[in-house]
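From TrEMBL, for reference:
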- 1-43: domain 'Fibronectin type-III' (DOMAIN)
- 47-139: domain 'Fibronectin type-III' (DOMAIN)
Amino acid sequence: GDANEITLKDLKPATEYHLKVCACIDSCKGEYIYPVPFTTEQCEPDRPLPPKLLGSRLKNSLTLKWTAANDNGSKILNYILEYDEGKGREFVEIYRGIKKQHLLNKLTPATFYGFRLAAENSIGRSEFSDTIQFSTLGTIPPEPDPPMLCEKGVKYLALSWT
């Protein structure tokens, strides 16, 4: 066409592209200019995937891990892990740092907790991941009293316990 500008859409952040153009009139086409490089700007990290459970669930602790989010050209400075304290309400930050796993201690037994994760770089913070739920193990029942002999016969025993 006769335009002298174009807007390119759906480009990736912090990515180098090479553009070349040529002039055309009717069926005559000129030579392409030497490709001109340009780089799109950096931006906040992509939304991370939800954390995963690492190892076994325990009565009072869980270990969560996650995969690196795409940094979009600016190094990730922090991962932000939040949980709902097992109440299903507002989220509270429980970890901020560069590691990709975290051990949560002092949790309540037999409780479901909701977790979500965000990534942060010098440009900004990503959206939080989808919320995922994990539960701690239930409490171990107390040891019963020893059985007591109620009745015995030639071919049987009757026992009771509390």
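Cβ coordinates are placed from backbone N, Cα and C, and glycine is handled just like the others.
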Which bits of the chain, at least 6 residues beyond where the domain 'Fibronectin type-III' (1-43) starts or stops, bring a Cβ under 8 A of a Cβ in it?
72-74, 121, 123-124
Can you tell me how the residues of the domain 'Fibronectin type-III' (1-43) break down into helix, strand and coil by DSSP?
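Tallied per class, the domain 'Fibronectin type-III' (1-43) gives 0 helix, 12 strand, 31 coil.
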I'd like the per-state residue tally for the domain 'Fibronectin type-III' (47-139) from DSSP, helix first, then strand, then coil.
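Final tally across the stretch: 0 helix, 39 strand, 54 coil.
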